[in-house]
Amino acid sequence: MATYSTNEFKSGLKVLLDGEPCAIVENEFVKPGKGQAFNRVKLKNLKTARTWERTFKSGESIEAADVMDIEMEYLYSDGEFWHFMKTDGSFEQIAADKAAVGDTIDWLKEQEAFEVTLFNGAPIVVTPPNHIELEVVETDPGVKGDTATGGSKPAKLSSGAVVKVPLFINEGEVIRVDTRSRDYLSRAKS
Amino acid sequence: MHKAADAAFFFDYFREITLSESWKPNASIDSLIERAKVVRSIRQFFEHKNVLEVETPILSRASGTDVQLSQWQTSNGYFMHTSPEFAMKRLLAAGSGDIFQMARVFRLDECGRRHNPEFTMLEWYRLGFDEFQLMDEVAELVRGLASQPELPVVQLSYKQAFSRFALPCPHTAAVDELRRTCNQQLNCDAADWTRDDCLDALMSMVVEPGLPPEQLTFVYDYPRQQAALARFREVDGCTVARRFELYWQGMELANGYYELSDITEQKRRFEEEAHLRAAMGVQKPVIDHNFLAALEHGLPDCAGVALGVDRLVMVLLGQADIGGVMAFTQDRS
């Protein structure tokens with residue numbers, strides 16, 4: 001089993017802590033002038049996104065986690081699982097459960113590429129692209145010519161997400177959205 | 001074809017270097033100007049007190065013995081000093097009187113927001129002083145450099161510092177109790193930590209960050225096994241080390257001793273450290289016989305202290321990262 005010593009710690013490193021896959025977020029070196037050195041480490045549990053803080057004696061090792069982020073295309077859902085396919089030409093498919101899909105369920109769009117995080121080969125997290133183009137399926141009628149007042153209204157997108165859009169947007173239009181902030185960015189260029 | 005490919009590679013390589021920021025200093029030029037002022041003021045402070053500035057070798061044929069410090073060694077076997085202590089004590093034994101030095105010192109593997117593997121140490125020795133008189137002088141220097149003559153100064157024994165944070169007694173608590181406390185307070189697995197591992201962890205991660213930042217806090221009367229080169233004394237039936245540390249703005253700044261001059265005790269500690277190093281699988285030390293001969297000749301009664309100049313400038317300039325006060329940190333060397 002691969003291990004990492006404290007002197008290899010850096011943010012982004014994927015490690016196994018209490019059997020859970022974690023990513024190091026922050027690593028601080030602490031050492032009294034005449035004393036033992038320590039590493040104070042902030043870790044994010046990749047499954048739950050919860051942050052942990054741990055202290056290690058410098059020189060200690062922890063196990064590496066077999067974690068991989070791969071690009072996969074969303075295919076369909078059978079109600080229980082969400083199916084994705086590798087984009088490397090292998091056509092290999094993977095089924096992610098509800099826990100792995102999480103909030104990304106709001107952004108799922110067929111043939112769009114998502115980042116799937118695999119832990120020991122099984123999907124644990126599905127991350128949407130930062131920007132995605134989706135069709136508006138439900139919103140109040142657009143106010144013509146109103147492009148300057150900065151008002152907004154809720155709009156339901158084809159993936160199910162509800163976001164705030166400017167007043168001039170109509171049903172049937174395709175818009176660009178930031179999936180992290182849920183902000184409307186622009187009309188899609190068609 | 002091959003040549004052309006090489007040329008293209010080197011062109012890209014050099015363009016990358018030129019475009020990257022790593023040639024630039026870590027600190028701003030303004031910070032370096034302030035740093036130079038601090039260094040000048042330190043020299044003036046000692047000149048006014050008639051303390052002689054000295055220089056001693058960076059490279060030594062002997063190594064240090066401290067189990068917690070790793071040293072660089074040159075290809076021909078010289079050790080780069082981690083502090084100028086032994087050489088300065090030889091000068092004291094030879095009759096130099098009060099001395100100070102500002103030296104670059106080197107500590108392998110120490111890297112972080114508050115650590116750079118090479119840094120500037122101010123070390124000075126005062127004849128006839130004990131640790132309490134020297135603490136007063138350290139406070140005088142720092143208050144002067146900060147232009148805060150009224151900066152509060154608080155002295156706490158190591159035991160008082162621990163009890164202030166509801167930690168077990170550092171001198172009498174069982175090691176299992178200390179381990180449990182570490183587990184609770186620091187989210188660690190301290191099951192196989194030594195007594196000193198636990199004390200160091202609690203001191204640096206509970207006490208140090210919790211001390212009031214706007215005052216100079218001196219912690220004194222260290223646990224006996226952390227005496228390093230300090231004398232012992234008895235306090236309430238406990239043997240403690242006459243060692244002190246200075247903390248300011250949550251940062252450890254200085255470490256001082258009422259200096260051990262007893263050659264027999266010094267040899268005993270060297271042997272103890274050698275055994276400990278062997279047990280830990282750390283390189284065997286090369287004992288400094290010149291230092292021992294100087295002690296044999298006689299070290300005058302004195303107290304000495306080492307202060308991290310970079311860290312002091314960090315506090316004075318409000319910089320959170322040591323790179324903010326250094327021209328170039330190791331990763332830009």
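Think of each number as a place in line: the chain as shown, counted from 1.
Every residue, even glycine, has its Cβ placed from backbone N, Cα and C.
Annotation source TrEMBL lists N6-(3,6-diaminohexanoyl)-5-hydroxylysine at A:Lys34. TrEMBL lists A:69-124 with the feature domain 'Translation elongation factor P/YeiP central'. Residues or ranges marked as domain 'Elongation factor P C-terminal' in TrEMBL: A:132-187.
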The correct DSSP tally for the domain 'Elongation factor P C-terminal' (A:132-187) reads 0 helix, 29 strand, 27 coil
Which of the three DSSP states, helix, strand or coil, fits A:Lys34 (N6-(3,6-diaminohexanoyl)-5-hydroxylysine)?
coil
Over the domain 'Translation elongation factor P/YeiP central' (A:69-124), what does the predicted model average in pLDDT?
94
Residue counts (helix, strand, coil, in that order) that DSSP gives for the domain 'Translation elongation factor P/YeiP central' (A:69-124)
10 helix, 28 strand, 18 coil
